[in-house]
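Take a look at this one; I'll ask things after.
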Amino acid sequence: MSTLLPFPDLNLMPDSQSSTAGTTAGDTVVTGKLEVKSEPIEEWQTPPSSTSDQSANTDLIAEFIRISELFRSAFKPLQVKGLDGVSVYGLDSGAIVAVPEKENRELIEPPPGFKDNRVSTVVVSPKFERPRELARIAILGHEQRKELRQVMKRTRMTYESLRIHLMAESMKNHVLGQGRRRRSDMAAAYIMRDRGLWLNYDKHIVGPVTGVEVGDIFFYRMELCVLGLHGQTQAGIDCLTAERSATGEPIATSIVVSGGYEDDEDTGDVLVYTGHGGQDHQHKQCDNQRLVGGNLGMERSMHYGIEVRVIRGIKYENSISSKVYVYDGLYKIVDWWFAVGKSGFGVFKFRLVRIEGQPMMGSAVMRFAQTLRNKPSMVRPTGYVSFDLSNKKENVPVFLYNDVDGDQEPRHYEYIAKAVFPPGIFGQGGISRTGCECKLSCTDDCLCARKNGGEFAYDDNGHLLKGKHVVFECGEFCTCGPSCKSRVTQKGLRNRLEVFRSKETGWGVRTLDLIEAGAFICEYAGVVVTRLQAEILSMNGDVMVYPGRFTDQWRNWGDLSQVYPDFVRPNYPSLPPLDFSMDVSRMRNVACYISHSKEPNVMVQFVLHDHNHLMFPRVMLFALENISPLAELSLDYGLADEVNGKLAICN
């Protein structure tokens with residue numbers, strides 16, 4: 001810009017006292033039309049002309065005069081002291097007031113579909129409307145929070161199962177030339193919305209969303225909408241808009257920080273967030289921002305002391321996408337100002353400070369886990385017993401960590417990556433030398449697909465489509481190549497795991513990687529013995545694991561009965577009652593240290609690939625949900641209710 005403009009320093013807050021001296025009591029607060037902060041902004045905004053002619057200069061001056069007037073109106077002296085010293089508008093203004101914690105507020109019941117997560121009999125109109133009122137979830141007891149956490153998990157499981165199902169169908173139709181691939185993440189969300197399966201969709205939640213915990217990870221923005229965590233698919237600021245607010249004021253409730261604005265500054269607990277607007281399709285600032293829509297909503301939230309939820313988008317390479325979204329908790333907006341950004345245009349900035357007393361930020365945990373994977377001894381100088389418990393028998397090393405005591409018990413066992421089947425255990429005809437005759441990869445009508453009921457068990461990313469009694473994979477006598485999508489569990493461990501010592505569970509297992517829902521983790525390995533052999537060995541004190549006692553959590557994965565009322569769980573191929581055991585007294589693997597839980601994040605799926613004997617399937621473990629780095633793995637061993645959270649190496 002070639003000329004100096006006659007307006008104040010934009011880095012300074014306008015003087016509210018002087019700016020309001022000439023106003024009258026009848027003046028109204030100026031609010032503009034809602035404009036959301038897109039990431040990136042969808043609509044092209046023409047950059048200002050670089051010429052220095054008089055008309056262009058006059059227009060620019062007029063624009064900043066308009067912004068200054070907007071500032072003045074935003075700080076009009078129409079405030080009175082409210083409860084706890086909070087400044088609010090006059091009683092006749094109709095403004096939304098932040099209610100103190102001890103005061104009565106609207107206590108909402110869970111919306112339809114939240115209590116028992118069943119399909120509503122009334123299909124929601126595709127013309128979906130955002131909520132028209134703010135609400136804060138009532139403070140609940142431990143059991144209520146625990147129950148609603150499970151409801152949230154089931155909803156996420158339904159979303160993931162539906163998304164994977166739709167993606168597989170879309171890929172299949174695309175290969176057959178029956179249509180182009182569609183966004184399965186969006187399609188799954190819209191289907192669930194039309195079935196009334198979105199949570200909190202009838203209220204605009206302020207503060208924490210019940211069931212969502214700090215550190216929860218999401219792969220898609222649409223999932224945030226399904227849970228009511230952030231209601232915008234592209235916009236960075238989610239707020240109750242002025243058009244929908246009874247008071248005509250927007251109130252911001254959550255933001256997504258994904259690095260789309262060059263003026264953002266993020267140090268974790270303190271965040272300087274750039275307002276919306278003024279960007280082109282290359283994410284470059286090309287125009288000045290205005291105090292409207294989400295920007296005004298952020299200012300109003302600061303004014304009323306309303307906290308906002310912060311979700312961070314983090315680059316993380318995985319089989320689904322190159323970015324994940326992490327819920328990092330609640331922040332308070334403590335300051336805002338208008339400044340000239342790096343590109344030379346005026347932008348609004350908001351300083352947010354994280355509220356104390358919350359768990360560690362999920363984004364910080366992910367960064368710590370990344371450093372731990374690459375330089376473990378630098379992050380933890382002491383405590384490591386072994387950097388590879390498997391002695392290179394797994395595809396990736398298995399760490400052994402103990403900073404509690406001097407116990408090194410896991411090193412005393414022979415590590416095996418796969419279960420050992422003693423010779424002759426199958427009897428005559430147990431080993432089948434037949435397989436499919438596909439080339440490179442299997443087709444839908446191959447022998448192995450027919451064994452699975454006419455469909456493949458996995459999608460192209462190796463995720464389990466739906467749980468079954470047993471899954472048949474391509475085996476040694478199949479002619480398809482190693483890249484066949486029907487070869488998943490036989491490839492072994494892919495995620496880095498750590499066996500760690502715990503005061504609560506004895507030994508436990510946590511992941512150093514982000515494990516996606518439906519992904520294969522590892523095999524549960526031991527020496528397979530018959531029932532008679534197990535009885536004899538047990539009398540000698542050998543430790544036994546009984547695969548037939550694991551709960552059938554696989555029934556929940558891929559269960560779309562909430563979405564499609566006529567959905568029927570697959571009953572073919574079937575599996576007879578299992579009557580074998582695994583002796584883990586001398587030979588075992590990392591899975592044997594996974595703790596027991598009635599609310600597991602890992603499920604058992606029986607698989608056959610190197611033989612066809614239904615009485616002796618392999619015990620494979622899959623993720624029931626997205627498992628964050630450093631989260632502990634847990635299984636439901638089928639133990640009594642009073643046994644929970646303790647080392648359950650014998651069931």
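First residue shown is number 1, and so on along the chain.
Using N, Cα and C of the backbone, Cβ positions are placed for all residues, glycine too.
Positions annotated as Zn(2+) 2 binding site by Swiss-Prot, on the basis of similarity to another entry: CYS436, CYS448, CYS474, CYS478. According to Swiss-Prot, the feature Zn(2+) 1 binding site maps to CYS436, CYS438, CYS442, CYS446. Marked as Zn(2+) 3 binding site by Swiss-Prot on the basis of similarity to another entry: CYS442, CYS474, CYS480, CYS484. Sequence annotations record features per position, and here Swiss-Prot assigns compositional bias 'Low complexity' to 15-28. Look at Swiss-Prot and you will find 434-492 tagged as domain 'Pre-SET'. Annotation source Swiss-Prot lists domain 'SET' at 495-638, citing sequence analysis.
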Once the chains shown are all counted, how many other Cβ atoms turn up within 10 Å of the Cβ of CYS442 (Zn(2+) 1 binding site)?
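Taking all protein chains shown, CYS442 (Zn(2+) 1 binding site) has 23 Cβ neighbours within 10 Å.
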Which residues in the same chain, at least 6 apart in sequence, have a Cβ under 8 Å from the Cβ of CYS474 (Zn(2+) 2 binding site)?
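Result: GLY435, CYS436, CYS438, CYS442, CYS448, CYS480, CYS484, SER486, ARG487, HIS609.
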Can you check what DSSP calls CYS474 (Zn(2+) 2 binding site), collapsed to helix, strand or coil?
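For CYS474 (Zn(2+) 2 binding site) - judged by DSSP and reduced to three states - the answer is coil.
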What are the sequence-distant neighbours of CYS478 (Zn(2+) 2 binding site), meaning same chain, six or more residues apart, C-beta distance under 8 angstroms?
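CYS478 (Zn(2+) 2 binding site) has long-range Cβ partners GLY435, CYS436, GLU437, CYS438, CYS442, CYS448, CYS484.
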What count of other C-beta atoms do you get within 10 angstroms of the C-beta of CYS436 (Zn(2+) 2 binding site), across all chains shown?
22
Write out, in the order they occur in the sequence, the residues of the chain not among CYS442, CYS474, CYS480, CYS484 that have a C-beta within 8 Å of the mean position of the C-beta atoms of the recorded Zn(2+) 3 site.
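Here the nearby residues are CYS436, CYS438, SER441, CYS446, CYS448, CYS478, GLY481, LYS485, SER486, ARG487.
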Return one of helix, strand or coil for CYS448 (Zn(2+) 2 binding site), based on DSSP.
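Going by the DSSP assignment, CYS448 (Zn(2+) 2 binding site) falls within a helical segment, counted as helix.
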Around the C-beta of CYS446 (Zn(2+) 1 binding site), how many further C-beta atoms are within 10 angstroms, looking at every protein chain?
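Around CYS446 (Zn(2+) 1 binding site), other Cβ atoms within 10 Å: 21.
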Within the same chain, and leaving aside CYS436, CYS448, CYS474, CYS478, name every residue whose CB is within 8 angstroms of the centroid of the CB atoms belonging to the recorded Zn(2+) 2 site, in sequence order.
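So the extra residues in range turn out to be GLY435, CYS438, CYS442, CYS446, LEU447, GLU473, GLY475, THR479, CYS480, CYS484, SER486.
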Would you report the average pLDDT that the model assigns to the domain 'Pre-SET' (434-492)?
89
Counting each residue once, how many in the domain 'SET' (495-638) are helix, strand and coil under DSSP?
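Within the domain 'SET' (495-638) the tally stands at 19 helix, 48 strand, 77 coil.
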